[in-house]
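Data block below; observations after.
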Amino acid sequence: MKSNPAIQAAIDLTAGAAGGTACVLTGQPFDTMKVKMQTFPDLYRGLTDCCLRTYSQVGFRGFYKGTSPALIANIAENSVLFMCYGFCQQVVRKVVGLDRQAKLSDLQNAAAGSFASAFAALVLCPTELVKCRLQTMYEMETSGKIAASQNTVWSVVKEIFRKDGPLGFYHGLSSTLLREVPGYFFFFGGYELSRSFFASGRSKDELGPIPLMLSGGFGGICLWLAVYPVDCIKSRIQVLSMTGKQTGLIRTFLSIVKNEGITALYSGLKPTMIRAFPANGALFLAYEYSRKLMMSQLEAC
C-alpha cells in the first residue's frame, strides 16, 4: 500500500508521541532539578544539594512534581514536532528543487527541524507553564512570594485562567520560540550528523539502538549548549509570573545579569547535561522504532 501524506503525518504524530513519553519517563527528575536551580539559583549550592533538600522537604515524589503536565507537554510537543518535521522536509525539498523522495543533507534536515519547532512551541508553552509552576511551588510558597495553596495540575490551571484568562497560558511564549527555533536546528542537525557518522556510508535506517541513542543524546547536548540561557529566562518568566509580575524577555535578561551575574543564566546546566543523553536517546529510539514498525505494517497492507 502506497503511503499518502495524511497517513504519513499520522504515523509521524504517533511516533512523536511515543518518543515524548519515553523522554519524560527517562528524564523527569533531572528536569525538576533544572527548573528549581534556574528559578532559585541562590537557594541551592549545586545539583547534589538540590536533590538532598528536595528529598528531605517533599520526599521522593518531589522529583516527579509536574510529571502529568510534562507528559502532556512532551507528547503534544513531539507529536506536532515530528508531524510538522515531515511536512517541513517536503517544503525544504521544494525550495531547493529536490524530488519528493530525495534524501536531505544533514543541514537541510536541521533547517526542517527548526521550522517545525515553531509550530510545536504553540502547544508546548501552556503545558510547560503549568509544569514549571508545579515544580517550583514549594520554593515559591516558603519564600513568601505566593500564599500556600493546593498543589495540583487542576488548581494551577484554574488559577492561571482566573487571573489572566486564556492568554495567560502563553506567558513566556516569546522566550519559548527563541529557544525552540534555533535550538531544534542544532538538535536535528546534531542528531543527523551523528547518525551519518555512525552509518559511515551505510543507510542511516540500518543503525542499531545504541548508535540511535548516542545520536539522540548528542542532539540533546547540542540543543542545550546552544540555547540554555534562553531556557533559564523562560523558566523565570513562567514561574515568577504567578506572583502577578509580568516581565518580558529583555527585562528578565537584564535583571538577571545586573543582580546575579551572567553565570546565573547557566544555573541548572549540570542536571540538564546529565538528562540530555538518556532522555533524548530514549526519545529518538522510541520515535525511530515505533515509526519503523508502523511503516512496515503499512507496507504489508
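The backbone N, Cα and C atoms fix where each Cβ goes, and this holds for glycine too.
Matching 168-188, 273-293 against Swiss-Prot, the residues noted as transmembrane segment span 168-188.
Using a Cβ-Cβ cut-off under 8 Å and counting only residues 6 or more beyond its ends in the same chain, the transmembrane segment (110-130) has close neighbours at 66, 69-70, 72-73, 76-78, 80-82, 84-85, 87-89, 91-92, 104, 153, 156-157, 160, 169-173, 176-177, 180-189, 192, 238.
The average per-residue pLDDT of the prediction over the repeat 'Solcar' (207-293) is 92, rounded to a whole number.
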